[in-house]
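Only one structure is covered here, and it is reproduced in the block below.
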Amino acid sequence: MPSPGCCRSVAALPGCPHRLASEVCPCLHVIEKNVDPETMLLPYLRKKLQLTGTKYGCGGGGCGACTVMISRYNPITKRIRHYPANACLLPICSLHGAAVTTVEGVGSTKARIHPVQERVAKCHGTQCGFCTPGMVMSIYTLLRNHPEPTLDQLTDALGGNLCRCTGYRPIIDACKTFCKTSGCCQSKENGVCCLDQGINELPEFEEGNKTSPKLFSEEEFLPLDPTQELIFPPELMIMAEKQPQRTRVFLTLKELLEAKENPQAPIVMGNTSVGPEVRFKGAFHPVIISLNECIEELSVVNHADDGLTLGAGLSLAQVKEILAEVIQKLPEEKTQTYHALLKHLGTLAGCQIRNMASLGGHIVSRHLDSDLNPLLAVGNCTLNLLSKEGERQIPLNEQFLTKCPSADLKPGEILVSVNIPYSRKWEFVSAFRQAQRQQNALAIVNSGMRVFFGEGGGIIRELSIAYGGVGPTTICAKNSCQKLIGRPWNEEMLDAACRLILDEVSLPGWAPGGKVEFKRTLLISFFFKFYLKVSQILKTMDPVRYPGLADKYESALEDLHSRNHWGTSKYQDVDPKQLPQDPIGRPIMHLSGIKHTTGEAIYCDDMPVLDGELFLAFVTSSRAHAEIVSIDLSEALSLPGVVDIVTEEDLRGVNSFCLLIEPEKLLETQEVSCVGQLVCAVVADSEVQAKQAAKKVKIVYQDLEPVILTIEEAIRHHSFFQGERKLEYGNVDEAFKVVDQILEGEIHMGGQEHFYMETQSMLAVPKGEDQEMDVYVSSQFPKYIQDIVAATLKVPANKIMCHVKRVGGAFGGKVTKTGIMAAITAFAANKHGRPVRCILERGEDMLITGGRHPYLGKYKAGFMNDGRILALDVEHYCNGGSTLDESLFVLETGVLKVDNAYKFPNLRCQGWACKTNLPSNTALRGFGFPQSGLITENCITEVAAKCGLSPEKVRMMNMYKEIDQTPYKQEIDATNLIQCWKECMAMSSYSLRKVAVEKFNSENYWKKKGLAMVPLKFPVGFGSTAACQAAALVHIYLDGSVLVTHGGIEMGQGVHTKMIQVASRELRMPMSNVHLRGTSTETVPNANVSGASLVADLNGLAVKDACQTLLKRLEPIISKNPKGTWKDWVRINSVSSRGYETHMNWETGEGHPFEYFVFGAACSEVEIDCLTGAHKNIRTDIVMDIGHSINPALDVGQIEGAFIQGMGLYTIEELKYSPQGVLYTRGPDQYKIPAVSDVPTELHVSFLPPSQNSNTLYSSKGLGEPGVFLGCSVFFAIHDAVRAARQERGLLGPLKLDSPLTPEKIRMACEDKFTKMIPRDEPGSYVPWNIPV
């Protein structure tokens, strides 16, 4: 990509000659001369206009963090259109005449906040807050168009926005306050409304335990008044009406055709196709023709006798609206194709992309996974083209889709409109797609199918089938269709069609994208669904001639779209005797909630650019295991703006640092051991220059053997870090001799990406004297940043101050690699005496930083016929990657927590951390327990199957009972564990719903439901006393105000909010009197890492102690003037530290590694589609023992957010590596975290009434991590549904399902005649596209 100063033309660049006029927010009238055509709106807003509320999340339009509202006036229709858009994809030169509203323009604390901002904050819809401005803008734009939206419109509007923290439920709650609803969930799962008594009823806790169901009060909200919204700027309206001819905005087709004389110049409207190709694939277009919406012919909507003509310039969102209107007006037999298109438009991308992408761009791009092209192809659509030579029409057929020259656009031609014919009587069209995630995900396979029977008779007269996702472009099964013409629509035709399709649409085993056997199965599963649907319609049209479907088959035709969401949360009211001003136990809004929603919360990269600031970009290894033969920096150094390239040679003597056990190198220029390893760092005047130069660094490699990527390969090569970890209790070998049965099994669990919304960010600022430096960084561990930077610069730690205001999500991923990158950034800043900033792009971040450890668990269980497990022998193998990082501690935690909630009288667990040629894996929320617990629960499930019992019965039978002892000899009181289990059973109506699920399964062959319940025992602690300490500093100023600082990091969990609650209670003053700045090593030194669910525990105890110390010192003064105010009493401050005493001796296998246990249980119900592998999360009930909640709103948010993150871990989040160790999944397009559509339709969270007091902070418990594991209740519910499908098909053998339980694994486990029909490739006969690591 050329630099901004290079010569490049943009044919539609508005202005005279290079001038841009638009409105940004309510008050900025922007006129920009010499517009750089490569500048996107996002960096322009953030860097040029200093409007940092709009965030960078991915750069590809996949996360919604950069959502803004675009408003345009159409002088032809005289209407104003408001729509959401991704600022990261919008070239500013395309915004001539547009009004851009950012989150700052919606409302602010300095002026007034908007009801949307208020409600999202007060409904507790923010945690880290990084995604919140994008969420606000999506909701705001919806309300501008629909002041009283439906719930469907709400979920659709949020479909393009991702959140990693909240679990979406509170955001949905905030949105629902704008809707007209009846108070009903509007969902009748199991056929019963939530307001009906019985199966979906939520029972109260035992009498005497007063609970609160609401975390916020709607009565307090500002009303939404549409008349008070910002008006469209009149000057832009006037400009649009009287557009001067000297501007180069296209007003006519003639002007556009003249620009199209350059045949290679792409026409860009939304930039949703060309933009990502330029950004991520290095595509270069010397000329781009950028259009706005003013050309009338490109926006045409024409209703003719034979069909509908739609302008190529219409956005996909506009097409969706038009088709919805047409369907309402025309008879169903005419709208078959429109219904099918509308179905796909509902899930295609997110709302932002649909509003930006044009119909013509979607068609002409001809992406292999296009959702619309297969339907348009089978629907006999035609394309209206125009050039200087005149008009012409071509069919949208296979030749066009394969870019056959004779059937494609000619140079100089443009696509003006698309003709979509009406369907005819006895003609049927259907659309099918399966993706990793229900919404906003590219299809794995999609299809359009059409059949025409002439005048009835059930004889095929015409048949068209097209598939996407199975070739380089849309594939038409033309030969198969031709051979089926003239055949009756019956079972024999179905069988022949499946075989013909598999023969014609062939996929090699090495096909890009992988999932080859799954894709083959979908080809014919989709056709079977089409067969069933058409058969059902034929039956209704002529019941005498056509036999009906079997009742058990009818559900195969229903899509698994989640209905409108609803949820409840129950927590214990505070004691009536508690003082009203005491905030402990009350659902207080997140301290930064309003600032999150207004965009005023400052994150690391929101800090203004400093004078002389440089930018640093990393060069990483492209080989998994290789010797670096040479590095050529000359071309990179010669580029304009490049200041320096930092290499290992520069860091001589300081190129490694030891945080935990083994030292890790900062830069590697000798031998690389993974793709993504840091090799050198380019320092330049700007981000663009640094990243361009990084691409010009030439590295020559000599590949080395072996390349070890998988756990199995590591075991084979005996490639492990250090020795094993072993825990043994009882006599396992002897116990195996007396049991009734023994089973052996294993389960593989894939890794997980942190996917914090704010990527790795840091800014190093030399102070200019005494070798001092300030480091601003998004990190969980400021002390480590301070230490590694000090060591790299060879200065004492007291010269380096690390500051963290807030972190936009971390989940364990902002510790070790963050420190290494911060050290290199600080080195460059120190070397040049200038500030240096480093912000990773999403793809870089995912490549470099690693994630959750993939696990292989092997187990041998000895049990009695009644389900009692007497002996368990387990082996854990985790894929640690190329360096040790935190792998040994993750492994130890997994071994210590292997028992989960169960008392195994004889237990042996051994673990090994595998050394492989992958980026080092590290801490991630749950820290080994989500893997270890899944292994144990899978074993329990298999034992239950062997005994012919329900897994829940076997779980209950083997649980800890009251006072007991863990395998490491720590005492445990499991009373609350059993209570959580019983409460969850009751709250979920488990027994009733189990019967309902079995009834459903007996009546439906192609859809199955599953129900599963899992218990939780999550030990909280670091395993060492030193790691369980914290400190706080509390100042009371002369005016009576209080400043609190502590060592914990605010990363969304609300720790700062809780600390102010603690100070408020202890000092008996209003929360408004207490302020908390960010965390800094300057105020609280030597603080431990923020993690392990202990941040509020430890720092809260320190704040409490500091406040009590202050009060003790003030007692004599207060006693003399008891009616005085704080202003009269204070001239004082206090520092305090507190912690827990924990320890573990691995030699003896004994210790007290944890301070306490969090107990819980979750019950989940799902429905799966046996033909596609899709699943729907119907309902989840969670009961947690959290002690005495400090802030129920924050605690519910932590539980729900962790649960949804865990649900993603166990179902859809799938990392993909090439056989050469290259990570494919480097952004939201390839890696799918749960979206709003994945949240269970019903989600209920209840807290167990507090029954025990402890030495924790106000007897509360840490909740950041435990809920992740409860996500596996969805895994086992799917497992239950798959088992039901297999049993009905006579498949009674062992069922092995690995995690994540993706649509591919679900479908292939539901074996049937279609999975048996597909061709299979011999292992070893091809090199697969990806491998499981």
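A Cβ is built for glycine as well, from the same backbone N, Cα and C atoms used for every other residue.
Automated prediction, rather than curation, is the source of TrEMBL annotations.
Record features (TrEMBL):
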- Glu1265: active site, proton acceptor (ACT_SITE)
- Cys58, Cys63, Cys66, Cys88: [2Fe-2S] cluster 1 binding site (BINDING)
- Ile267, Val268, Met269, Gly270, Asn271, Thr272, Ser273, Val274, Asp371, Leu415, Arg433: FAD binding site (BINDING)
- Gln780, Phe811, Arg925, Ala1092: Mo-molybdopterin binding site (BINDING)
- Phe927: substrate binding site (BINDING)
- 18-106: domain '2Fe-2S ferredoxin-type' (DOMAIN)
- 239-425: domain 'FAD-binding PCMH-type' (DOMAIN)
Residue, out of the binding-site residues Cys58, Cys63, Cys66, Cys88, Met269, whose Cβ gathers the largest set of other Cβ atoms within 10 Å: Cys63
Separation of alpha carbons, Cys88 ([2Fe-2S] cluster 1 binding site) and Ser273 (FAD binding site) (Å): 13
Candidates Cys88, Asp371, Arg433 (binding-site residues) - the one closest to Ala1092 (Mo-molybdopterin binding site) by CA: Cys88
Taken over the domain 'FAD-binding PCMH-type' (239-425), the model's mean pLDDT: 88
Extra residues within 8 Å (Cβ to Cβ centroid of Cys58, Cys63, Cys66, Cys88), [2Fe-2S] cluster 1: Leu42, Lys55, Tyr56, Gly57, Gly59, Gly60, Gly61, Gly62, Gly64, Ala65, Asn86, Ala87, Gly134, Arg842, Pro1228
Pairwise Cα distance maximum in Å, FAD-binding residues per record: Ile267, Val268, Met269, Gly270, Asn271, Thr272, Ser273, Val274, Asp371, Leu415, Arg433: 28
10 Å Cα neighbourhood of Phe811 (Mo-molybdopterin binding site): matching recorded positions from Cys58, Cys63, Asn271, Glu1265: Glu1265
Length of the line joining the Cα atoms of Met269 (FAD binding site) and Glu1265 (active site, proton acceptor), in Å: 44
Check: same-chain CB within 8 A of Mo-molybdopterin site center, minus Gln780, Phe811, Arg925, Ala1092: Ala810, Gly812, Gly813, Ala923, Leu924, Phe927, Met1051, Ser1090, Gly1091, Gly1264, Glu1265
Spatial neighbour of Cys66 ([2Fe-2S] cluster 1 binding site) that is closest, considering only the recorded positions Ile267, Asn271, Asp371, Gln780, Glu1265 and their CA atoms: Asn271
Proximal residue to Glu1265 (active site, proton acceptor) among binding-site residues Cys58, Ile267, Arg925, Phe927 (C-alpha distance): Arg925
For Ile267 (FAD binding site), nearby residues of its own chain (Cβ under 8 Å, 6 or more apart in sequence): Leu256, Lys260, Ile289, Leu291, Gly360, Gly361, Ile414
Composition by DSSP (helix, strand, coil) of residues within the domain '2Fe-2S ferredoxin-type' (18-106): 15 helix, 33 strand, 41 coil
Site of maximum Cβ density within 10 Å, from binding-site residues Ser273, Gln780: Gln780
Inter-residue C-alpha distance, Cys58 ([2Fe-2S] cluster 1 binding site) and Asn271 (FAD binding site) (nearest angstrom): 15
